[in-house]
Structures are given as structure tokens and as C-alpha cells.
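These notes are about the structure you will find just below.
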Amino acid sequence: MTNTRKTHPLMKIINRSLIDLPAPSNISTWWNFGSLLGLCLAIQIFTGLFLAMHYTSDTMTAFSSVTHICRDVNYGWLIRYMHANGASMFFICLFLHVGRGMYYGSYTYFETWNIGVILLLAVMATAFMGYVLPWGQMSFWGATVITNLLSAIPYIGTTLVEWIWGGFSVDKATLTRFFAFHFVLPFIIAALVMVHLLFLHETGSNNPSGLISNSDKIPFHPYFTIKDVLGILLLILILMILVLFSPDLLGDPDNYTPANPLSTPPHIKPEWYFLFAYAILRSIPNKLGGVLALVSSILILMLFPLLHLSKQRSMMFRPLSQCTFWILVTDLITLTWIGGQPVEYPYTIIGQLASILYFAIILLILPAISLIENKLLKW
């Protein structure tokens, strides 16, 4: 008699994805972030659902409904801060997951990589709309500034912005539609995750060496399930330390002031995980140029498979590329810092140099170094 998990139509899919899946024996902790992102998405959907039960998407009551959740709802404060800080954990895992893909050449799986970039964009859109919902000062002005960027699109820009706003400014209509989209997008993300996994399981996982590992595979369960459980426990530990000890560490104090269209905060800035893109946007004096740079800073990831000129897939045995990769990481940290600083000397010039370096490394330096390393292999 064959095992039910191998014959039952539903169990069979789960079995092939999580139990009997052949996985490379040498994948490191960097391969844990996929499961951690799945956990983050589950936490966000679960906490978000409970927040939506008490939230009202009306400009008059949105701010007070969030206050009501924190003060009057049983463990409402916990749910709210788990959701807010869960987003930060989500982005930390996302950046590490993408960085892993860049370092070990996982982008050579075109479909998996491109679906991943679409997922990144979808999560960024969801997080942006979620930040607007508490209707604090930074929510309102962040929504105004970012949606206003679309007015840089020639000819249709202004009409497009007013269409998104549902009026002539960010108001009730905007808040209501942002709530609707913020609610539905995570489920679209969950569907895209399934497609992401579908394409991944067509080829199998990459591994640190970048070599084909078909001759050395082990079952996912128990080896990698137990490894994932360790990662999950650490993620929950870090999240709960953040939530219970310093829940507002990554937030903005301005968001504890109700939205006021007549008073602009001194420094309008998004959440920390958008600061690198915000710094790139601000480093270009022209509005349309800034918007194009902002969009390019994410979409450039889709060019990685085309810019891969090395004869080796992974950076594991390519020290020059490794150095360049870590310079890119440092550059992104610098951009994140600059994005949170006021627009004044010397921050503006540092931001401009860091933005140029970001695009130069990806488009010119990494491909050039790959060609040099190819030459070195022949000597």
C-alpha cells in the first residue's frame, strides 16, 4: 500500500514541495530566507486581518480607530505593533533574500527571478499603502509626495494623479481605496509566491558553489525542515524583542500627530526600508529624472541575468566580484542613511555620488570585473 501523502491529490503537492523535495546537501543558512518570508507573509495577513476588524477607513475616524485598537481592544497594541514591525522584518528578509540571489547567481533562473522582482514591487506597494492607513502626519504627507511623483509623467501625469486620489487632493476617497488595495494585495502576493515556488521547483534550488548538484541531493524533511524551524524561532525572537521592548524604534514620531493638510512636517520621509530608493529619487534635481531613477533602482534587478558575463555562476570563487558586491551593499546602507537626512550639504552630494555608484556597479563595474576574472582563469 503506497503512503497516502504520495497518492492523495492535495497531499502529493505538499509532499513534493516540503517533504520529499530533493534539495542540495550544501545549501547554507542564506537559503533559509524563503521560508522566513513565507512566515512574515503569514504573520502580516493574520495580524492585518484582526486589525481590519477594528479599523475604519474614514479620514475623520482612521487615526482614532488605530488609537482605539491600541487602548481598548484585547492585545490590540500587540497585534498593531506586530504588524508594523513585521513589515520591517519582512523587508530585512527580502533584502537578504535578494542579496543572496545576487551573490550566488540565482538570477540565472529567469522566471523565478523575475517573479521575485514582481513580488518585491508588490510588497513595496502594499507597505506604502499600509503606511498611509493610520492617517498620521507622515501617512498623509508621504501619500501626497509619493503619489504626486506620477504627475511627472508627460501629458497624462496630472490626470493620473487626480484619478488615483479620487479628487484634487489626498482625502477620504484616497484612504478608502488604499485600504481596499492594502487588504487585497497580500492575497495576490500569496498567489505570486505559489508561482515563484512553481518555477523554482521546475529547476531545483541553486547552491553556494553554483554547480549542478543533481548527484548530491537530500530530502527536504527532516534536514531542512529542522533548519528552517531554527530560523523561524530566531525571527520570532527578534520580532518579539522589537515589539515588546521598543515598538516605535523604526517608526516616525510625526505619525503620532493626526494628519493635518495645513501643516507640513519639517522632514517628509518614508519608512526606513524605502529610504535607499528615496535617496536616489532626491539625488536628481529633475522631477521626471528622479522618478525614472526611482523606478530603475528596483527594475534594474531584472537586468541581472543579462549582465551576467562570468563563466562561473556563483561569486564563491570570484574574490574581485565579492569585493564589488560588498561595496554595493555598503553603498545601499549609505543611501538608506542619506534618505533619512535633510536636503542640505554635505548630504546631497553624498547621495548623488552613492546613486551614481549604485547604477555604475550594477551596469558597468560588475560585468567588467566578470570579464577580467574570465581572463584570469586562462592565465
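If you go along the chain as it appears here, the first residue is 1 and each next one adds 1.
Placed from the backbone N, Cα and C atoms, the Cβ positions cover glycine too.
The heme b b562 binding site annotation in Swiss-Prot covers HIS83, HIS182. For HIS182 (heme b b562 binding site), applying a Cβ distance below 8 Å and a minimum sequence separation of six or more within one chain yields GLY48, THR126, MET129, GLY130, LEU133.
Around HIS97 (heme b b566 binding site), a 10 Å sphere centred on its CB holds 20 further CB atoms from the protein chains shown. In this structure, HIS97 (heme b b566 binding site) is part of a helix by DSSP. What Swiss-Prot lists as heme b b566 binding site is HIS97, HIS196.
Taken residue by residue with DSSP, HIS201 (ubiquinone binding site) is part of a helix. If you look up Swiss-Prot, you'll see HIS201 marked as ubiquinone binding site.
Swiss-Prot lists 33-53 (among others) with the feature transmembrane segment.
Feature annotation from Swiss-Prot assigns transmembrane segment to 77-98 (among others).
Among residues of the same chain six or more beyond the transmembrane segment (113-133), those with a C-beta under 8 A of the stretch's C-beta atoms are 55, 57, 62, 66, 87, 90-91, 94, 97-98, 101, 106-107, 139-140, 142-143, 146, 174-175, 178-179, 181-182, 185-186, 188-189, 192-193, 195-196, 199, 270-271, 273-274, 298-299, 301-302, 304-305. Under the heading transmembrane segment, Swiss-Prot lists 113-133 (among others).
Swiss-Prot lists 178-198 (among others) with the feature transmembrane segment, giving similarity to another entry as the kind of evidence.
According to Swiss-Prot, the feature transmembrane segment maps to 226-246 (among others), an assignment based on similarity to another entry.
The transmembrane segment annotation in Swiss-Prot covers 288-308 (among others). Using a Cβ-Cβ cut-off under 8 Å and counting only residues 6 or more beyond its ends in the same chain, the transmembrane segment (288-308) has close neighbours at 98, 102, 105, 107-108, 110, 113-114, 117, 120-121, 124, 149-150, 152-154, 276-278, 280-282, 355, 358-359, 362-363, 366-367, 370.
The transmembrane segment annotation in Swiss-Prot covers 320-340 (among others). If you look at the transmembrane segment (320-340), the same-chain residues 6 or more away from its ends with a CB under 8 A from one of its CBs are 99, 102-103, 269-270, 272, 274-280, 282, 310, 347, 350-351, 354-355, 357-358, 361-362, 365-366, 369-370, 372-373.
What Swiss-Prot records for 347-367 (among others) is transmembrane segment, and it gives similarity to another entry as the kind of evidence.
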C-beta crowding around HIS83 (heme b b562 binding site), within 10 angstroms | 21
If we check Cα distances from HIS83 (heme b b562 binding site), which of the binding-site residues HIS97, HIS196, HIS201 wins as closest?
-> HIS97
With the transmembrane segment (77-98) as the reference, which stretch in 33-53, 178-198, 226-246 has the largest tally of C-beta pairs below 8 Å?
-> 33-53
HIS196 (heme b b566 binding site) has its Cβ surrounded, within 10 angstroms, by a count of other Cβ atoms equal to 21
Folded-back contacts onto the transmembrane segment (178-198), same chain, C-beta under 8 angstroms, at least six residues removed | 17, 38, 41, 44-45, 48, 52, 55, 57, 112, 115-116, 118-119, 122-123, 125-126, 129-130, 132-133, 143
